């Protein structure tokens, strides 16, 4: 996520003071582009986890120090390239940067040197150890010490020594000049009677990885990334539910007014936290999922007073929250290759007839579920949250003693239907007069609550898991609502975790279909539609037997229901799934009067909220691919007066925790609350609608063909090529997945092509072939490279050249007037049109050379040309040699700790990617594959970094399975191999014939 911040830059010219005021400096964008030096920053070499914990214990943050106590936070502009190096050599004693409480962050005998690149560049990690700097003789399995590895072995150490010698010389040469310059400027300032500090201001943008994604290590700690722990005390004067997540506090607000002060833009939860954390510097914090978790013992004691709780809590009346119901969905696949599956949307009292002899892969799309061993929700239980999980027959304890038994599934129950706040009550039995504690979020260590060992537990709302070990380890006990009082000993409840629903999702955005039922629970007469309905009474008027809407089933797409006709009034989002009665659409005060479907890029979402009614002015916040449950807690405020949706579809809520009235926000600008359908400026929470990857055995291409126009008549699904359509004549199409090539012939007797991209084609005219007979349908393979094409004025790709990377609606216009005679398609897929403005006959162009365009196409020349719009899809990248997947490891909240390696299939977001603009972007961290330091040398490691679009982040996949870097065609993705700890890490290497570790397969999700 990119969060711009305005900093007040002050250059300290007083060289007589020996106290160092800053350890970091940032360079302006102009100097970033031209600077050949980097910032040197010392940091502990080993045990990075110890470093992060020490950083958390300190009362100040390295990146966000307390501005009141550190006036010299230097976002300084270096006067020259050498001045920047000199400045950091001069401030080598990192332990003096902050007070004594913070010095432990930096004190280390063994130190590691990092290169911190300017904001648009990726980091270079240079280790003093020989294992890191000198490339292993086993760069990848089977190399066995190739000559190219040995030649580059000494490069890092030589570069490091060269930089060190240069910095020492610069220090000697410029030390005297720097002091003299400082004294002169100080004398001028004193003479003028003004402050000797020179104030500068610059707009700096920090690129922060998305901190909301918890990282799960490779062990069996399924909930190791859960970091949400808050409680509420039952004192009548206060309600201590704290709304926001700590990860959301990593957002910063920004002031577009360049004359505002630094502290005015930092008066948020961060500033308050830094102020209050000083009083607790002696206590140790806990880190979960890379996000700071304050010691629960500080403010979760029953004896604490309301005044002491006030910095950490917020008065909220849970009863006033109006929860929005949501549908559930779970898909059960056969474990070993069979295409058999079962889709579950509601409770299944008896599932014993379902056959999964080898086990099942269960994908929970939405909601939380409980599997039972026996019918009617009896027997052993298994809790499932959103995500994938493999279950074999051993999920039942008794089956482990009887290997001959098959996989058993008795019944299924859905336990969460909205985003309501979970509440569990802990009441000490030894002290009846003591106030009970109400917990709302995960507690990794219940012992830190300092509650008696003998405690009674009551679940007020939601479903909770009680673990016998801290940090959510061991066999959990399921605690459900309305099941009375639980008597649990301290040994059985060391940590607590509530089940919670995930974000808004859509699986098949183009598969638009809704079925209306006359009665609740999907009974009575039905009506279905797949287009906008601006008036439900008019739509139902033709069916006299249909008397109102009792229940709704959304087959595909994401829809909005409106309280009034013509898409006005209150709004309610309809996700894919079942809405069994009117309470499922309880957000609307009246019946549904109109429906509308939503279309957008659901992979990348970006929005800006403004506190001013004038766009691009005042305080605002940028949000990318992240949901925020409490905008007030991050310091933005409760009122939003204008909105700019840059991409995706967002849902804003009138209340916190995604409760209350909903406002659907599509791409565009909203200048006041009337524009988004609100009754006031109040918006307290917001979240995007995101594309959900499909499960295993789902088709990568899907097209629905209809025998009549307007999606009427007989319907046939196509998932692969059909070479003969003589027995079925399609008249309209729904292209749901992938792109397709339609082959047809007209009266001239020649075959022609027509490309169908993802979308809806109500008739053949919308396809581009109004009077034609369709003969064949062919899916078009996905490509993972940026499009590039060259048109030539002479045959055989000679003469004047017109190079294109984007669409041109007229090649023959007065500006270009290019008469194409030959074509060289360098990369990507292109569509050539005979006429201008993408009209007329079409031809799909794949990478090759066409020496004579007229002989190839039968056209005189090209009228217009554009790249084919490949649909946005999620993918997994599998290494052929190791049969393992490209995986993100480390903490997504800290780019320095993240690395890229290969590991076995896990089903987690850390193995899911998507390709756009030449970038492979991780779904877990929203960062890109990046060659560390941009070194175009074999053996350079590949890491993750925020998108900056430079060549080191761009990749293309060739047809032979190699993934090459835009830095050089002679650099391809490889696995390092060898016997060291980093043997599974990914590097770039020279392409070698027959080297299977350099071959990758793309799995479309």
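Glycine residues also receive a Cβ, built from the backbone N, Cα and C atoms like all the rest.
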Which of the listed positions, 35, 130, 613, 629, does Swiss-Prot note as phosphoserine?
130
Out of 80, 129, 338, 906, which residue gets the phosphoserine annotation in Swiss-Prot?
129
Annotation phosphoserine per Swiss-Prot: which of the candidates 122, 903 has it?
122
Out of 43-68, 95-120, 173-198, which range is noted as region 'Disordered' by Swiss-Prot?
173-198
Work out, from DSSP, the number of helix, strand and coil residues along the domain 'Beta/gamma crystallin 'Greek key' 3' (512-556).
5 helix, 21 strand, 19 coil
Taking residues 6+ outside the domain 'Beta/gamma crystallin 'Greek key' 3' (512-556), which of them lie with a CB under 8 Å of any CB in it?
327, 565-567, 574-582, 584-585, 591-597, 711, 734, 736, 760
Model confidence over the domain 'Beta/gamma crystallin 'Greek key' 9' (828-869), averaged pLDDT:
93
In the domain 'Beta/gamma crystallin 'Greek key' 8' (738-781), how many residues does DSSP put in helix, strand and coil?
4 helix, 24 strand, 16 coil
